[in-house]
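Undergrad: Starting off with a structure, shown below.
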Amino acid sequence: MALKITVIGTGYLGATHAAAMAELGFEVLGLDVVPEKIETLSRGEVPMYEPGLEELLRKHVAGLEGSTGRLRFTTSWQEVADFGDVHFVCVNTPQKHGEYACDMSYVESAFSSLAPLLRRPALVVGKSTVPVGSAARLARLLTGLAPAGEDVELAWNPEFLREGFAVEDTLHPDRIVVGVGGERAEKLLREVYATPIGEGSPFVVADYPTAELVKTAANSFLATKISFINAMAEVCEAADGDVVKLAEAIGHDERIGKKFLRAGVGFGGGCLPKDIRAFMARAGELGADQALTFLREVDSINMRRRAHMVELARESVGGSFLGQRVAVLGATFKPDSDDVRDSPALNVAGQIHLQGGQVTVYDPKGMDNARRLFPTLAYAPSALEACRGAHVVLHLTEWAEFRQLDPVAIADVVVEPRLLDGRNALDPAVWRAAGWTFRAMGRPQA
Ligand SMILES: NC(=O)c1ccc[n+]([C@@H]2O[C@H](COP(=O)([O-])OP(=O)(O)OC[C@H]3O[C@@H](n4cnc5c(N)ncnc54)[C@H](O)[C@@H]3O)[C@@H](O)[C@H]2O)c1
């Protein structure tokens, strides 16, 4: 009989995972502790923006016309425990308030709710990003609390999806990593992922700590690569060099590669910043803090980018934001997402607002989330409207829509045609030809 799958925590990761599991042919039951989320998902609607996800949900959510009916949602732990052969735990693991460490309370709570109800053999699979050592501890907790005892096993299967490509990445992962304590768990996970494995996705089997570390190591490497090029941008600005040319040239070396070498306002979002901090905190607890002190520098280079963007903006309007109108293009931490968690764009917008600037933000998908987080900023319904009356325009999230803007039309509505490109994604020649004073991070001023 086909395995029955549950997904616990239906946010960015869990909602995508649940829909993808249904697409792979499994019967799936999703659970969340927020009833509104469950109601929305049950109607086939996605509570966030992720390209292709709504279509996939509608294809499978039970009760919708023409759907396979393989995907349902609930708030009942009992129903989940009775239903599932494999339970994927996808709850959030944010940074603790006032500390670098990971807040494991949502994971602990999910395990404590599920485990006492597990009366039949099951595999619980953690997907959340957790500090190394968590899986071994949770495995003991699970067998201790579950009435089915040793028949309940734990595996850790970190997730590498990228927001904006979440559906594609989940259906066709570039690798599947599983930390297991035994052969049965490995066998079940090979069954769950038979389709992507059959298509050639590498399946890496490891022990718990290695699987946990793969995720934080991968994020640390990516964060380091971004901060590296941003450090080069700082030097380029000091030496009148061009970081875009530099990145292109070093990227030709296959050992370095072209990806993740775009200098700008740096990384943000719900993963990289908190993951590198939690990694440092955990290494400290393990007595290996020296090994990761470089991540402190990676973090501070990254945070410096935001402050530098504010400085460039202040400089461009004559040294003070008072009485100045600033248009901010972009609110999300990356394009093709509505996620504004720790977004550099909103952070910059907020800092300028606090320094007396009148900031108007426009984002193609992140407006509702941005408004909730920063209700005191002004919001406009289009890029053109955000720019109307502006003394300077800041390009802070690299949405394709912004690359298609007409510099001549925007020049007509601003007070001063000044543009700061915080993502090195716009063509300086085109904007300068339309009369703009164009400045980009790490590039020479014209
Ligand atoms: N978003 C990404 O791109 C991404 C990528 C890889 C890994 N991750 C990791 O995946 C995990 C989830 O991230 P996310 O971005 O989906 O977070 P999220 O905040 O969007 O979703 C988490 C969901 O879990 C629910 N939840 C909280 N406590 C619960 C509980 N006790 N029981 C059931 N549900 C509960 C929340 O209501 C929410 O819907 C994190 O550990 C994150 O680091 C995220």
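The backbone N, Cα and C atoms fix where each Cβ goes, glycine too.
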Undergrad: In TrEMBL, the substrate site includes F160, L161, R162, E163, K215, F260, L261, R262, A263, G264, G268. Which of K59, K96, K334, K365 does it also list there?
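TA: Record source TrEMBL; matching candidate: K334.
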Undergrad: Just to be sure I read the record right: D32, K37, T93, T129, E163, R341 are listed as binding NAD(+) in TrEMBL. Which of K225, K245, K259, K274 is listed for the same site?
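TA: Matched candidate out of K225, K245, K259, K274, per TrEMBL for NAD(+) with D32, K37, T93, T129, E163, R341: K274.
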Undergrad: Going by C-alpha positions, which of the binding-site residues (R162, L261, A263, G268) is nearest R341 (NAD(+) binding site)?
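TA: The smallest Cα gap between R341 (NAD(+) binding site) and any of the binding-site residues is with G268.
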Undergrad: Does any of T129, L261, A263, G268, R341 have a Cβ within less than 6 Å of an atom of ligand 1? These are the binding-site residues; tell me which, or none.
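TA: Correct list: T129.
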Undergrad: Which chain-mates of L261 (substrate binding site) that are at least 6 residues away have a CB under 8 A from its CB, listed by sequence?
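TA: In sequence order, the residues whose Cβ lies under 8 Å from that of L261 (substrate binding site) (at least 6 apart) are K225, I229, A247, I250, G251.
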Undergrad: Fill in the CA-CA distance, E163 (NAD(+) binding site) to C271 (active site, nucleophile), as an integer in Å.
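TA: Cα-Cα, rounded: 10 Å.
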